[in-house]
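Colleague: Handing you this structure, nothing more for now.
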Amino acid sequence: MESRPSKRVKLSPEPGSRPAPEQPDPASIRSRRAAFLSSITRSISPPVSSRSGPATPQPRPDVAVVATKADFVARVQVSQTTSVSTPERPAATVPAIHPEETSAKQPKLIASPFKLTKIPDLPASNNIDTVSLHDILGNPLIKEAWIFNYCFDVDWFLNFFDADIRSQVKVKVIHGSWKKEDANKQAIDDACRRWENVEAATAYLPDPFGTHHSKMIVLFTHDDMSQVVIHTANMLAQDWTNLTQAAWMSPTLPLLAEKENAVVGKIGSGSRFKHDLQAYLAAYGSKTKALRDLIAQFDFSSVRGALIASVPSHMKDYSITKDANALLDQKLWGYPSLHRALSSILPRQQEASTSHIVCQISSIATLPQTWLNQFFPFLYGKSTPESTQQQLDSSRVSIIYPTPSNVASSLNGYASGGSIHTKAQSPAHLKQISSLRSSLCQWKQVSSGKARAGRHEAAPHIKTYVSFAAKPTQEKPVQDVQWALLTSANLSQQAWGTLRETGKGKHKEKEVVVQSYEIGVLVWPGLFAEDFDTGDEAGTSRASGVVPRSSETIRMVPVFGKDVPTTSEADIYGVTPTADTIVGLRLPYDLPLTPYAASDMPWSPQGTYQQPDRFGRSWV
């Protein structure tokens, strides 16, 4: 879907006009730009450009690179920075369709709905179709930005706004650091005193183990457009440079042309996405009322995807509800929200199903075996687990989490490990690792083959959950994708929720308790049907489905090194011989996966590692 063109200075002359000089002087550029900006009807008048600083936003000079556990609680600056180009309107989430040029019978090709972030220390060939923070924030027409995240360097990220409007953009920072002594809170409050246009609000966290881990940006521009970006990176220099991250970016959203239909559509439709986003924002109370009022004015009909979010909450055990439609009006968070979506889009899986879940995360919390046995069957598509005593089946689940050697060989060496967390010291931790070992896989490049993501050197902070039609193997490394989730949520009870018993005797009940804020987007092949039934019309069924109304065959396939699939790749991998439409899914990891060896252990920042990293440093 094409994005609405922005009202910006044209970079090339109109036909018949006098060509511009090849190298206009800076004063002339600034003068023309100031005249253009002042002509826009808006509530502020940006100052004339005075670009005396570096073109590339630099991390704060007082933050140093360290590779010691004691100091790594501070923000980490890497020496390389991203080169900045002229900001463009970000790519839409519903990507452009790429029909084959040679034959009308060839399938339509659709770009990945998830985009990897740019890694400046990797070659350009590994950064095709990637997105940078400058691409997201660099539009000079931005007038308001709401930024939700866990950790911030406000002075650093403000540099990515266009210099002419940097001090004029209304910026709202939403975080969860409520303790006065919290370094993150102190830094944010200090920055707000320096920047009159920046205001901070703290999300309410009723549980001491909960965090505000959501990562989202909502933008509003002077040409009456909006955009929602859901991603995986903290607002820190390290996260946007040499760590693997990704983003889902909505299309640019126009104002509603008429009063909105009161009917909320199917899971996956734009109206449902907007409804769920408003419900998520309502959990912040009055602090986000202004944002909710703004969002209500915009048309989300072009959005395709399901919002999967978590907020601190207590919910009744919904698993006793047999009718999936009865759950559509419930406020569900964490794994109940994901299960509701999967139940509505996937057909009931047969016992002989070969689907395989790849869970790729940057943190593994302390997880009881009962929780693991309960959580993963939902991803298989079962309504309830057969037994809470069943063991995690490695033939159905792979968990990608780096080893110490994976971290040591990364672009930042051991310094990358401060963003990757699990515990591997106590007997309880070691027992958990033992129970997961058969599913654990490395963050590593495969020795051969074409299914290479080009991100093995950039340590992972991204979180993805992908269901493949079958387990990727050496013989057939690439399998069709049944669904994919990009999210801030790691593998933890706080993020996804846990089932607890309340009350006593005959009053005993079960409830699902979620402790943290998280946010993500779920996609699947059926979303990209030309006649996808949104269910927005009154009287239509609200139950979603993976099968389009027509006979159109749609497949989602992994893509590597770029966002758009090709039919030649499909033929090589043998995954889509008869599809009418092929949707790419940009993977951050190579296929097939590399399992842990018997001697491998997961990386733990609490550990001690004498083996030198790529810079000759140890982690002590």
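Backbone N, Cα and C define each Cβ position, glycine as well.
Dumping what TrEMBL says about this protein:
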| type | residues | note |
| --- | --- | --- |
| COMPBIAS | 1-10 | compositional bias 'Basic residues' |
| REGION | 1-61 | region 'Disordered' |
| COMPBIAS | 38-55 | compositional bias 'Polar residues' |
| ACT_SITE | H213 | active site, nucleophile |
| SITE | S492 | site 'Interaction with DNA' |
Colleague: Between S492 (site 'Interaction with DNA') and H213 (active site, nucleophile), what C-alpha distance do you get in Å?
Modeller: 12
Colleague: When you measure from the Cβ of H213 (active site, nucleophile), which residues in the chain that are at least 6 apart have a Cβ under 8 Å away?
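Modeller: The answer is Y150, G176, S488, A489, A495, S516, Y517, E518.
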Colleague: How many other Cβ atoms are found within 10 Å of the Cβ atom of S492 (site 'Interaction with DNA'), counting all protein chains shown?
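Modeller: By my count, 23.
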